[in-house]
Amino acid sequence: MGLGLEVANWSTLLACLVLKLPQGLALLAAKSARGFSLEGLLLELAGFLVCFRYMSYYSYPLPTYVEYPIIIVQDVILLLFVLHYTGKLKHILPYTAIFVSGWYILSLQKWILDLTMNLSTLISAASKLMQLQCLWQTRDSGQVSATTWSLAIYTCAARIYTTLMTTNDATVLVRFIVILAMNIWVLATVLYYRKTAKKID
């Protein structure tokens, strides 16, 4: 493994270890989920679960997807925070049942997993659109962490490089390119509303 690839893999892992921490701290500090999309988070979690299942099923090199379990755990913790602050904590059991059953259904047939992986790009893009819609409606990015979205941009860019250097899987590559573009859009929107809020103050 080349030095560039090793650096990309390790830096992605390190970034993902703290990827959702700024977002979690922002929610805890504000004690509010205003401007944060629950639906977007659920779709993002679904996209991560599909990718993790796909890459483990096809025995991809572990360094190319080891961050997924870490991000999934962080997303679940974020989900608990958001459900708590929106008064919807009672929905955690149905969500858990859906995700657990989905995890097993994915590996029943190879075609199901392949189809779902192709759809996961749309699912993940939709999760970003949900977050954008929430920002547009509230015109408030106070509880949305710019640091988290910046780290997400870096990890996507790094994964485009590692995918090209290892598996060269077109499905995975397209997914990362689309998600990179969407993450940049969300970050730009967060920064725009933050700047607007400062002007009003």
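Quick reminder: no glycine exception, Cβ is built from N, Cα and C everywhere.
Database features (TrEMBL):
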TRANSMEM  12-29  transmembrane segment
TRANSMEM  41-60  transmembrane segment
TRANSMEM  66-85  transmembrane segment
TRANSMEM  92-112  transmembrane segment
TRANSMEM  172-193  transmembrane segment
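If you look at the transmembrane segment (92-112) against the transmembrane segment (12-29), you find fewer than three C-beta pairs under 8 angstroms, all six or more positions apart, and that falls short of contact. Long-range contacts of the transmembrane segment (12-29) within the same chain: residues 36, 63, 66-67, 70-71, 74-75, 77-78, 81-82, 85, 142-145, 147-148, 151-152, 154-155, 158-159, 162, each at least 6 residues beyond the stretch ends and with a Cβ under 8 Å from a Cβ of the stretch. Remote same-chain partners of the transmembrane segment (172-193), defined as residues 6 or more beyond its termini with a Cβ less than 8 Å from a stretch Cβ, comprise 35, 51, 54-55, 117, 120-121, 124-125, 128-129, 131-132, 135-136, 139-141, 144, 146, 149-150, 152-153, 156-157, 159-160, 163-164.
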